[in-house]
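What follows is a single structure, written as C-alpha cells, with notes after it.
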Amino acid sequence: MLAAAHPAAAQGVSATAPSPAPASPGAPASPGASADPEASAAAPSPESPPEPEAAASPGGRIRAELEAARAELVQQQAALRRPNLSQAELQELRANIDAIAERLRETVAEMAPRVEAAKNLLEQLGPKPKDGAQEGPEVARDRAEREARLARLDETQRLARTLLAQAEQLTAQISDRRRTAFASALFERSYSLLSPDLWVSAGSSIPRDLRALRIVIEDSASRFEGRSSPATLTLLGLAIGAAVAFHVARRHLAPRLVRRSPTAAEVNRRRKVRSAVGILLFEAGPAAAGAFVIYQLLAVADLFPNRLYPVLAALLGGLAFVAFARAAGDAILAPDRPAWRLVPMSDAPAGWTARFAVAFAATVATGKVLDAINQAIAAGLPLTIATRALVILVAVGILAELLRRFAMRVETDESCLGPYVPTEPALAGPARLVGWAIVAAVIAGLLGGYIAFSSFLIDQVAWIASLVVLLYVAVALTDEFLGETLRSQSRVSTTLQANLGLRRRAVEQLGVLGAGVARVVLFLVAALLALAPWGVESGDLTSNLRAAFFGFQVGDVTISLSTILVALLLFGAVIGTTRIVQRWLANTFLPTTELDAGLRNSIQTAAGYLGFFGAAALCLSYLGLGLDKIAIVAGALSVGIGFGLQSIVNNFVSGLILLWERPIRVGDLVVIGDGEGYVRRISVRATEIETYDRSSVIIPNSNLISGVVKNRVRGDRTGRVIISVGIGRDKDPARTAELLVEAASRHGDVLHEPPPRVLFKTIGASTLDLDLVCYVDDVTKQARVQSDLNFAVFKTLVQEGIIPMPGPGVMNIGGLEQIQAALQHIADALEAEKDGDPGPQPRAREETRKRQIRSDEKEPARA
C-alpha cells in the first residue's frame, strides 16, 4: 500500500520497470588484493576444536562464535552464487550478512583491549636476554605463558578481522549485483513510441487482454460469493464505513479546525505555518489513513484473488497521493487566500501551479493503476508499453506546460517598465532548467525506446516534489516553533531563563543552534529519501557513518571520531572543574588566609596552569598518544616554534618567571616608562595595568622582565610626601620650618616615626626654598595627603604673614596716548560745533593729519 501511495516506490511491470538497488558501501577490492571468500571461509581452522573446558572460557566462547560465523558465511556465499536472484532475495542475503558482520565487529572490539593488555603484561618482563644470557626459570616460565596467551588472543583477533573482511566482500558483491540489475532494467530498450510495430502488436493483443480481464473479474466475483460470510461482510462494511468517515472528516471537520479568514489582509508567518501544517494533516491525513485501513480490512477479509490486491493497493494509494497533492497546493500556495500563502508567488501562478500539481499526481496515479491491472491480467508486453508510454506522454506534457507558463510569466515581468523587482524565489531559475532537462530526457527516452527510464524519471519528479513540499513545511515549522519561540519573549523562553538561570541572549543562541541542528537533520533525511530510489540505502550510509564514528584504519593508525569526541569532553570537564576550583580559591579559601593579593593571584593562576596541563595530559592519554610520540612531534616542531613563535614563547616564559619570582604582583603600584598604575592581572602572554584615569595598558611580559620597572610597593608600602615652599628673603626660615612641621603633625595619616622634617634646600636670589618631608603608611594615600598638606601649609603661612595674600593685579598697556589725544580732539570738535563756532574744526583736522603722518613715520622704525 505504501508503495502505491508513493509513486517513486511503486512496483512496476517486471518487463520494463527497474527495481532499486543499493550503492556499494565502498569500492570493490582490487583483484590483486582480494582473496576468495569461499576459500578463506572453507579453510580449516589452524587449531583443533576446543575442549569443553576451553569452550567454557571467554576465549573458547569467542572461538566457537567465530566458527559459527564462518559456517554462516559459507552458507550465504553458496546462496549468493545462485543465478537469477530477485531483488527481494538479494536484500534478504544482505540483511543476513549485515547481522553476521555486526557480531564480528563486536568481537573485534571485544578482543582489542584483551590483546593490548596481554602485550602490556609481556612488555613488563622486558626484552629477552641476548648473547646467550640466561634468565631465571620463573621469569622464563612466566614469559612463555604470556607469549602463548598473546599468541592465542592475537590469532583470535586476526580470525575475527578476516571473517569481517569476508563479510564486507560479500556485501560488496551483493551491492554490485543489485546495482547491475537496476542499471540493466532501467536502460533496457524496448519499442519506441513512434514504432508502428508497437501499436500494431498492442492492437492485436487487445482482444486477448480483454478476455483475460473478463476472466479476472469473473474469478473475483466468484471468489467474493464463495468467501461471503457475516464476518467478511462485516469487515467489508467496516471498510466502507471507514472510507465514509474519513471523507466526512476531511470535508467537514478540517475547515472547522483550520480556519483561514478570506478577508485577512496581513497574516504573520507563524499563523501561516500553523495553517499549512493543519491543512496537510486534516486533508491528506484522513485520505492516507482511510486508504490504509480499507486495504488492511480487505486483506484480512480475503474476498478477492491475490493478483487483484496490487490493483487495490495502487488504486487506494493513488487516491491518497492525489489528496496529498491537493492538500499541499492548498497549504503552501493557498490560491484562494493570498494572505495565507507561504511562498512568495503571485495569485495567477499559484492558482495554475496547484491545478497542474493535482493533474500531474492524478496522471501518475492512473499510470500505476494501469500497470497493476496489466500485471494482474498478464497483459502482453506491447500493450503494457503502450499504456505506460501514453501515461508518460500526458505527464510530461503537463510538466512542460507548467514550465512554459512560468517562462512566459518571467518574460512578462521583465518587459514591464520600471526597475526589475524579482517576483519568484532565487532557486526558481535553476529549478526550471532542471525541469526542462527532465522533459527533454523523458521525450528522448520515449522516442528511443527507453520506456522504463522515462517512467523512472516521471516517478522521481513526483517523489522529489513530494519530499520538497514536506521538507519546506518541516523547515518552516522548525524555524517558527523552535527558533522563534526561544528568540522571542515567549513563555518557553521566560521559563528557561527563570529555571535554568540563562540570560536572554543565551536562550536566543540556544534557539538558533537548535533550529540549525534540526535543519541539518531534516535535509539529511530528505536527501536519503530522495536517493533511495537510485539505489542508495540508509543501511550503507549508516554503516559508513558508524565506521567513521567508531574508528577506521589509515595504515597503522586508527582514527575514531567517538574517541576524539570523548577526549574533548574529558578535556572540557577537567577545564570546567579547574575553573570551579579557581573560583573557590579566589572567593572562598584564599581570602581567609593572611596572604597578600599578589600571592593569592599567583596561586590561582598556578592552579589554572596545573588544570590545563592535566586536562591536556588526560586527553592525550585517552587518545593513545604517549609522551614518546609527543616528544617526537615537539622535536619536529621545535625549529618552527623557535623561529615563528619566538615572541610568544618569550612572553610565555616571562609570564612564568613573573609568577615564580614575583617581582611585581597583582595590586602593586608600578611605574613603567612614563606610565604609572596598578597591576590588575598577570596572564600567560601579557600583564594588564590600570592607570589613574581607569585606562587599561597591556604590556608584554618580556618587557617587564627585560625592561626597567619601578615597583613602589615591592618591599614596603610606605610612601613619602614632599611639600616645596618658597618664602621671601626677609622671612625667618626657622619659624617657617616650625609651622610646616606643626601642620604635618596635625594630619592623621602622617606617620610620627619617622617624624616630619623640613629641609632647607636652596637660598635663592629672591626666595628661600624649603621642603617639608613626611611619610604615610600606604603609598596609595600619598596624593590625598599631599593635597591636604598643601591646603594646611598655605593657610598657616598666610595667617602668619610669611606668604602675603594675593592682591589685585595691575596691567600696563602702551600706545594708548594717541588714542586718548584723538578722542580728546574729537570731543573738542563736537563741543565747538555744538556752540556754533566752526573755527576750531579746520585746525583740529590739520593737527590730526599731522599726528597721523608722524605716527606713520615712526611705524617703520619700530618694525
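Just so you know, glycine gets a Cβ as well, placed from its N, Cα and C.
Among the features that TrEMBL reports, region 'Disordered' is placed at 1-64 (among others).
Averaged across the domain 'DUF3772' (158-214), pLDDT in this predicted model comes to 85. Residues or ranges marked as domain 'DUF3772' by TrEMBL: 158-214.
Taken from TrEMBL, the feature domain 'Mechanosensitive ion channel MscS' applies to 648-712.
Taken from TrEMBL, the feature domain 'Mechanosensitive ion channel MscS C-terminal' covers 722-802.
Annotated region 'Disordered' per TrEMBL: 830-863 (among others), in sequence order.
The annotation compositional bias 'Basic and acidic residues' is assigned in TrEMBL to 831-863.
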Summarise the domain 'DUF3772' (158-214) as counts of helix, strand and coil residues per DSSP.
48 helix, 0 strand, 9 coil
The domain 'Mechanosensitive ion channel MscS' (648-712), counted residue by residue under DSSP: helix, strand, coil:
20 helix, 25 strand, 20 coil
Which residue counts does DSSP yield for the domain 'Mechanosensitive ion channel MscS C-terminal' (722-802) in the helix, strand and coil classes, in that order?
34 helix, 25 strand, 22 coil
